[in-house]
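Chemist: What Swiss-Prot records for this protein is below:
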ACT_SITE  Asp262  active site
BINDING   145-150, 166-168, Arg196, 258-262, 289-302  substrate binding site
BINDING   Asp168  Mn(2+) binding site
DISULFID  Cys260-Cys305  disulfide bond
CARBOHYD  Asn58  N-linked glycosylation site
CARBOHYD  Asn271  N-linked glycosylation site
TOPO_DOM  1-26  topological domain 'Cytoplasmic'
TOPO_DOM  50-334  topological domain 'Lumenal'
TRANSMEM  27-49  transmembrane segment
Amino acid sequence: MGGGEVSKEMGACSLAYRRGDQKLRKFVTARSTKFLLFCCIAFVLVTIVCRSSRPWVNSSIAVADRISGSRKGYTLLMNTWKRYDLLKKSVSHYASCSRLDSIHIVWSEPNPPSESLKEYLHNVLKKKTRDGHEVELRFDINKEDSLNNRFKEIKDLKTDAVFSIDDDIIFPCHTVDFAFNVWESAPDTMVGFVPRVHWPEKSNDKANYYTYSGWWSVWWSGTYSMVLSKAAFFHKKYLSLYTNSMPASIREFTTKNRNCEDIAMSFLIANATNAPAIWVKGKIYEIGSTGISSIGGHTEKRTHCVNRFVAEFGKMPLVYTSMKAVDSRNLWFW
């Protein structure tokens, strides 16, 4: 056999080998891709089956939730003003929450609640009765129209926990229950769903001056220093401190300006604890019209409040944090 023929045969063998190797690689790659896809699908199916086939997990968690910490549950403290349809919707919704003990409606209108309104709400609560326990409903009537009324001391509260909420905000009951669990782990602090932040002014001519910032600043920085009382848990003792111990000038300021009582409460709690508030992740449903936060000059007014309260307290008590409480039971990965 000549050298040319040997060379041709070797070239043909090399070409056949390369083609075979390419086919093998394609085969292995296709098999690997299919296997990986199969594993992913199997993982998802197994996870779903495991969650659905272990009802004892959720039931045991629910039992632990009911017996842990404050066995009496929490009091819903709802602020309202001439929005009766919203009030009815909110009370009807929260009456279904399993750990709710009572509802106190902060009433500051010049006329008392109508008998038809009271009858409607009481009937709603009767229909929502569970395990023989009917949620107590009370109207806390105030003669003066003041934002401070939402934090007026209630001496005969049965629960330590107070869930302060506006009448136009709805959270799923399981979300409220989770926030209550978080509060039970830190009952001296404020636990809520609506974070806000203050920032120190960097200019030299404004030493110890702070700017109030809203949600987008929190989202961008990942930092907050307060949670708003429009949707927050706190201990009932802070109602007494707000009413009896906080400087009267602050309460007068909030009454006159009709703003910032929520910031004042955040200052009060942070000053008492030297600890940050806790932000809880939760889907919020606002069923009312646009609030005062959309009115022009809102941020400037809130900034003025922050600096006024710093002067009253003699320091900035709010504490920065980046912690966020998330219910891992609702996440695939955590």
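Cβ atoms here come from the backbone N, Cα and C positions, even for glycine.
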Chemist: In sequence order, which residues at least six apart in the same chain have a CB under 8 Å from the CB of Cys260 (substrate binding site)?
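Modeler: Long-range Cβ contacts: Phe253, Thr254, Lys301, Arg302, Cys305, Phe309.
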Chemist: Can you tell me the three-state DSSP label for Asp168 (substrate binding site)?
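Modeler: Once the DSSP labels are grouped into three classes, Asp168 (substrate binding site) ends up as coil.
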Chemist: Whole-number Å distance between the CA of Asn149 (substrate binding site) and the CA of Asn271 (N-linked glycosylation site)?
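Modeler: Here the two Cα atoms are 21 Å apart.
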Chemist: Can you tell me which of the binding-site residues Asp145, Asp168, His298 is spatially closest to Asn271 (N-linked glycosylation site)? Compare CA atoms only.
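Modeler: With Cα distances computed to Asn271 (N-linked glycosylation site), the winner among Asp145, Asp168, His298 is His298.
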Chemist: When DSSP is mapped onto helix/strand/coil, what comes out for Asp145 (substrate binding site)?
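Modeler: Looking at the DSSP assignment, Asp145 (substrate binding site) belongs to neither helix nor strand, so coil.
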Chemist: How many Å separate the Cα atoms of Asp168 (substrate binding site) and Asp262 (active site)?
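Modeler: Asp168 (substrate binding site) and Asp262 (active site) have their Cα atoms 16 Å apart.
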Chemist: So if I draw a 10 Å sphere around the Cβ of Asp145 (substrate binding site), how many other Cβ atoms end up inside it?
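Modeler: Total other Cβ atoms inside 10 Å, all chains included: 12.
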Chemist: Fill in the CA-CA distance, His298 (substrate binding site) to the residue listed as 'active site', as an integer in Å.
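Modeler: One finds 14 Å between the Cα atoms of these residues.
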Chemist: Using Cα coordinates, what distance in whole Å links Asp262 (active site) and Asp145 (substrate binding site)?
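Modeler: Distance between the two Cα atoms comes out at 16 Å.
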Chemist: So for Asp262 (active site), how many other CB atoms are inside 10 Å of its CB?
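Modeler: Asp262 (active site) is surrounded by 24 other Cβ atoms within 10 Å.
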